[in-house]
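According to Swiss-Prot, the features are:
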- Arg48: O2 binding site (BINDING)
- His52, Glu58, His96: Fe cation 1 binding site (BINDING)
- Glu58, Arg100, Glu111: substrate binding site (BINDING)
- Cys126, Cys129, Cys163, Cys166: Fe cation 2 binding site (BINDING)
Amino acid sequence: MMFTFGKPLNFQRWLDDHSDLLRPPVGNQQVWQDSDFIVTVVGGPNFRTDFHDDPMEEFFYQFKGNAYLNIMDRGQMDRVELKEGDIFLLPPHLRHSPQRPEAGSRCLVIERQRPKGMLDGFEWYCLSCNGLVYRVDVQLNSIVTDLPPLFDIFYGNVGLRKCPQCGQVHPGKAAIEAVARGDQP
């Protein structure tokens, strides 16, 4: 019998074998490549300033530690808590920013591969007025390899970080460092 993705794997062994990739600076690893699903394990601590606009549903299983999703919905910021053992199915196009403040926390995230032409959006919002500061759309193939260059472009360009509504400059990477220290950005 031929199994496209191999025989069943022991998930705990896989986690142990990839533990060095599940903490900063990498923080995540895809379990299988070239499947219809993007199956990723994300480890904490991990903070993000972007909001993901996924055109498809995302499944979260917070199997170790706690995390939360910052949600931007119709100009209002909200928060969805993910406690250890929780599962959550995020609807398509709900802007979300996963935050994993606990070292050693682990979340299994399952997404569908996007058909050609179906783009994911990544957005940054003003910390003063909640206005949209910047958005980029991309054909997403791998969150592990596709996202860092997008973030580097935003963080490296002060002009992209200036809010068109109130003029406030998004702190960029400094916001991540502030949150990691326990400060407000």
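Any Cβ shown, glycine's included, is placed from N, Cα and C.
Remember, it's a predicted structure, so these values are computed and weren't measured experimentally.
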Candidates Arg48, His96, Cys126, Cys163, Cys166 (binding-site residues) - the one closest to Glu111 (substrate binding site) by CA: His96
Other CB atoms, at most 10 A from the CB of Arg48 (O2 binding site): 20
Cβ contacts of His52 (Fe cation 1 binding site) (under 8 Å, same chain, 6 or more positions away): Arg95, His96, Ser97, Pro98, Asp120, Gly121, Phe122
Shortest C-alpha distance to Arg100 (substrate binding site) - which of the binding-site residues Arg48, Cys126, Cys129, Cys163, Cys166: Arg48
For substrate, whose listed binding residues are Glu58, Arg100, Glu111, the greatest C-alpha pairwise distance in Å: 18
Cα-to-Cα gap, Cys166 (Fe cation 2 binding site) vs the residue listed as 'O2 binding site', nearest whole Å: 22
